[in-house]
Amino acid sequence: MKIASRAVMWVFLLLVAFLTLFPVLITILGSFKTNAELTAGATVMPTIWQFSNYAEAWKQANFSTYTVNSLFVAVTSTIGILFVSSMAAYVVNRMEFPGKKAYVGMQAFTMFVAIGAVVLRPQFELMIKLHLHNTLWGVVLILISAHASAFFILQSFMTGIPKELDEAARIDGCSRGRTFWTIVLPLLTPGLGVCALFAFRGAWNEYLLPFVFTLSKPELQTLTVGLANLKYGVSAASQTHYMMAGACLSILPILVVYLFANKSFMKMTAGSLKG
Amino acid sequence: MNKAKNLAFSYSYILPSFILTVVLGIYPIAWAMRYMFYDYKGYGAEKFIGLDNFTRVLKDHEFWNSVVNTFVYAGGKLVLSIPLALILAVLLNQRIRGRNLLRAIIFMPTIISTAVMAVVFFTIFNSYNGILNQFLMKYKLIGSAVDWLGVDYSMLTVILVAVWGAVGNYMLLFLAGLQNIPEDVYESSALDGANKLQQFRYITIPMLGPVMQMIIMLAIINALKGYESIMVMTDGGPVGKTNVMFLYVYKLFFPTAGSGAATQIQEMGYGSAVAFVTAVIVGLITILYFYGSKRMSQYE
């Protein structure tokens, strides 16, 4: 009886694991197949490994541009989010000032109120006024503006850093600014790391925002946008192998990060529950 | 003097965050709240029309059809993903071999781009030369190609894809909740002769109540809001079968974006009103759920 129930459990767990991995494996293996082999769908492993798919996707399907754009957007917005939210979290955690409650309430508000794609329109109009709509900086700024969750995460990490440390530095003649940059921020590294993971993942995977902002500017498109556009293209059926290679270019970097940092990802997701 | 200096320091450090949030987070919401009373197509004149946009929403069959679709989509996603996530969490909370690896695998979909996976799932489920059909036909499991993204099955397909992406997240949240249940409750109940199923029914479920209430609420909101993968996979089609309300809002603002099968014209004013109604629907369901599920949180 006990053996039977254990067997059922293992079959179930392995089946779920297999179904979870299956689409990703299909993508990775598919990226090495010819288009004909892919659409015939008859093989699991590629009959001849087509490494040239990547070279062609990189050059002919513009994936070099898309990758550079994705990297730019993800790296700059991650750095921006870390700066903006850690500075705000520091003063909210350590200082008293009028309007503090209102500020925290506003951050919470932006996290919970969702009205969908509507906001993209005024955001786009704003970027036209700022002359940023022809660059990716507009997208980056909008991504940085959504830093409420990073703010709350860093806030809770900040609580764990003893205030006495600040005070000691102050007595030694350290200014508030220097205390933050040289004493508090280095101690905040674990929190910053977690926020960086989340911010990078969010920006790297973002689709709608760069899509709407780069509709008529292929040279600014990111991996997600370029890839989805392949699907809409007239020659979509003949480019499945490019789609697979392009999907891998998007999936693999983040999978590698996940390989090393999956504990942090999972711990933080679990932690969000406790608020 | 010192006080003024402290204030100046505080405000200067909060300023970048404040400006970005107000300009790019709050202002767009205010923008929509204004235009929902206007007839505005995105170009030309804007005309104040009071509540006309809202009476139009009431009579908009396509919108209410998308609301129904949203409920089917969200309901299907919840019914499949929550129990599955709970079972996985309970199983992977035991001290079994390889549990960390299994957790990492099942959580993996949450780190991959929804849009990218939607493209991959499209090539898998595509009826014409899709990988799934080719495979099923090769092994004679089906006689002819099944139109997974067609009228009959498209909703089921987009739900399954959503479940694939969501289970790992909820499993992890359930795991966090399970770890708060003290081990000795299980031990003493085992001494009293309770079996695993009884423990699950009489200890795990009730003690998980408050956490479960939160997780389901989160899942409801996420399910009502999600439309990115639907947009890439089916673009709301065929014939509006998978058109969910947030996708409908999107199309009022960006009608030509997507597959190019534009059926609408740009409607900024009306779109803002629809977006507002949509947000109210999500808010109402959340509140209704919160009060309806109060019993769940009353354990402690």
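Note: Cβ is positioned from N, Cα and C throughout, glycine not excepted.
Annotated domain 'ABC transmembrane type-1' per TrEMBL: B:67-289, in sequence order.
Outside the transmembrane segment (B:12-33), and at least 6 residues removed from its termini, the chain residues within Cβ reach (under 8 Å) are 272, 275-276. Feature annotation from TrEMBL assigns transmembrane segment to B:12-33 (among others).
Residues or ranges marked as transmembrane segment in TrEMBL: B:71-92 (among others).
Remote same-chain residues near the transmembrane segment (B:104-125) are listed as 88, 92, 131-132, 148-149, 157, 161, 164-169, 171-172, 226, 228-233 (criterion: CB distance under 8 Å, separation of at least six residues from the stretch ends). The feature transmembrane segment is assigned by TrEMBL to B:104-125 (among others).
According to TrEMBL, the feature transmembrane segment maps to B:153-178 (among others).
Here TrEMBL flags B:199-224 (among others) as transmembrane segment.
Residues or ranges marked as transmembrane segment in TrEMBL: B:244-263 (among others).
What TrEMBL lists as transmembrane segment is B:270-291 (among others).
Most Cβ pairs within less than 8 Å of the transmembrane segment (B:270-291), among stretches B:71-92, B:153-178, B:199-224, belong to B:199-224.
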